[in-house]
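S.K.: Copied straight from TrEMBL:
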TRANSMEM  7-32  transmembrane segment
DOMAIN    8-413  domain 'TRAP C4-dicarboxylate transport system permease DctM subunit'
TRANSMEM  52-71  transmembrane segment
TRANSMEM  136-163  transmembrane segment
TRANSMEM  169-193  transmembrane segment
TRANSMEM  214-235  transmembrane segment
TRANSMEM  241-260  transmembrane segment
TRANSMEM  267-295  transmembrane segment
TRANSMEM  315-332  transmembrane segment
TRANSMEM  337-354  transmembrane segment
TRANSMEM  360-384  transmembrane segment
TRANSMEM  396-417  transmembrane segment
Amino acid sequence: MVVAIMLLALIVGVLIGLPIFAAMGLSTLAHYLETGRESTLIILNQRLFDGVTSFTFLAVPMFVLAGEIMVRGALIDRLLDVARAFVGHLQGGLAQVNILSSVFFAGISGSGQADIAAMGSTMMPAMEKEGYPRGYAAAVTAQSATLSPTLPPSIVMVVYGAVFGVPVGALFASGITVGAFMAVAYMILAYFMTKKYKIPKHPRASLAMVGQSLRQGVVPLGMPVIILVGIFGGIFTTVEAASIAVLYAVIATMVIYRTVSVKDLGGILISASITSAAVVIISGVALSFSYIVAIQNIPEVVLDAMLSLTKNPNVIIGMIIFILLVAGMFVGRTANILLFGPIIIPIFYQFGYAPVHTGIIIIIVLGVGHLTPPVGGAILTACLIGRVSMGEMMKYMWPVIILEIVLAIIILLYSPLSTALPRLFELGGV
C-alpha cells in the first residue's frame, strides 16, 4: 500500500508539471504521511542534508564553473582549428570536424546542451555554406553533442558516482574508451551519409599547419589531460581535479588569452551557480528518495513483477532499457538517473553487471532518448539553433538513431569496452 501511494504521488507530481525534484520530494513526503513515523522524517531530512553537503558533490559546481569560463573565453575556434587540421580532408570534412570538435569540447564542458549551443552557432552555418543540407547539419550536431555526458569531465558521471557510490575516476576512465568508440562510429556514419552530397573535399593539412593548430589549441586541450592524468595517477581526487580545472580555466582565459575580464566573472559565476544549484537540489532529494526506495524493497518488488512476466534476464534488462529510452525522450539525463537509478541499478547488479558498466549503459541509453522524437531534448535544441523544422531534421536522424541503438547494444553486451580501463588503473567499480 505504501509503495502504491509513493508511486501514485510521483506520477501525479510529474503529470501536473512539477519539477522532477519536487515530484520526488512529494513521493517521499507521501511515505511519511502514510507511515506517520517521525523517525522517518528525521532520517529523510538528514539524507537530504547529506546529499547537498557531500564532499564528492563539490566537484559539480567546480567543473560547471570551469566549463563556463572556458566557453565564455571563446576558445571554441582553437578547438575547431585542431579538428580541421586532423580530419578536415576526409569525406564529409565539416561533419567530421563537428564530431571531433565535440570530443575536444567535452573535455572542457561536460554538457551536451552547451555543446549544441557552441557547435550549432559555429558549425551549422559553415556546413550549410559548403552545401550540406541544413537538416543534416543539425542532425550531426545533435548526435555529436551526446558525447559530452559520456566523456570526462562529465557532470552526469560526477552526480551518478556521488549518489550511487561508484568511483567517479572509474566512470571517467570508462567514458574514455566508450566515448572514443562512439566517436569513431559517428565519423564512419558521417563518411557514408555525406557521399551523396557534392561537397568539395579539402586538401590534407600540411605538417606545418597541424603543428600550428596544435600550438594554438594546446592550452584548451591541456585541461582534460591534466584532469585525467592526475586522477588516474592517484595524484589528486576528483574534487581536487575540479578545483585545478577552475584555476586552469582562469589562467587560460584571463592571463594567457585575455578573452575573459574581471567584469565577466560576475555573469559567469551566476550562470554556473544556477546550473550547479539545480543539480545539487535534485541530487539531495534523490538521496532521500533512494532511502525510501531501499527500505520499501521497491527494486525487489519491480524485479518480482518482471519475473512474473518472464524468467529471462536478457528480456528483463531489455524492458528496463526500453523504459529508459522512453524516459530519455522527455526528461534530462541527470533527472532520469536520479529518478530511476534507485530502482533499476540494484536489478542490474543482481544480474551481474558491474557498477561502472551499469552507469555507462544508463547514460548511453538515456542519450538515445535525447535524440528521439517527438520531444528529445537534443533534437529540439538543434532545431532551434539551426532554424530547421523537426520534419526536415528527422529525414537525416533515423540513421543516427539506429546507430545509437546498435552502439548501446554493443556496449551492453561487451562489458570490457567499459571496464577495461578502470580495471587497468585499478580505479574500482568493476
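A Cβ is built for glycine as well, from the same backbone N, Cα and C atoms used for every other residue.
Since the structure is predicted, the reported quantities are computational estimates derived from the model, not experimental observations.
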S.K.: Using Cβ atoms and a strict cutoff of less than 8 Å, what residues sit near the transmembrane segment (52-71) while being 6 or more residues removed from its termini?
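M.R.: Hits for the transmembrane segment (52-71): 108-111, 114, 118, 153, 155, 158-159, 161-162, 168, 220, 223, 238-239, 241-243, 245-246, 248-250, 252-253, 260, 268-269, 271-273, 275-276, 279-281, 283-284.
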S.K.: Go through the chain and flag residues at least 6 beyond the ends of the transmembrane segment (315-332) whose CB is under 8 A from any CB in it; none is fine as an answer.
M.R.: 20, 303, 306-307, 339-340, 344, 347-348, 351, 361-362, 365-370, 372-377, 408, 412
S.K.: Given a Cβ distance threshold of under 8 angstroms, which distant residues of the chain, six or more beyond its ends, lie next to the transmembrane segment (214-235)?
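M.R.: Residues 66, 70, 75, 78-79, 81-82, 85, 104, 106-108, 152-153, 169, 172-173, 176, 241, 244-245, 248-249, 252, 256-257, 425, 427 contact the transmembrane segment (214-235) from elsewhere in the chain.
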S.K.: Does the transmembrane segment (360-384) come near the transmembrane segment (169-193), with 3+ Cβ pairs under 8 Å (pairs 6 or more apart)?
M.R.: yes
S.K.: Is the transmembrane segment (396-417) packed against any residues at least 6 beyond its ends, judged by a Cβ distance under 8 Å, and which are they?
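M.R.: Same-chain residues near the transmembrane segment (396-417) but 6 or more away: 133, 135-136, 138-140, 142-143, 146, 177-178, 181-182, 185-186, 189, 193, 317, 321, 353-354, 357, 360-361, 364-365, 367-368, 371-373, 379.
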S.K.: Let me spell it out: take the transmembrane segment (7-32), skip the flanking residues so only those 6+ beyond its ends count, and list any with a Cβ under 8 Å from a Cβ in it.
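M.R.: Residues 40-41, 44, 281-282, 285-286, 288-289, 292, 296, 331, 335, 338-339.
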S.K.: Under 8 Å between C-beta atoms and at least six residues away from its ends: which parts of the chain pack against the transmembrane segment (241-260)?
M.R.: 58-60, 62-63, 65-67, 69-70, 72-75, 108, 153, 219-220, 222-223, 226-227, 230-231, 268
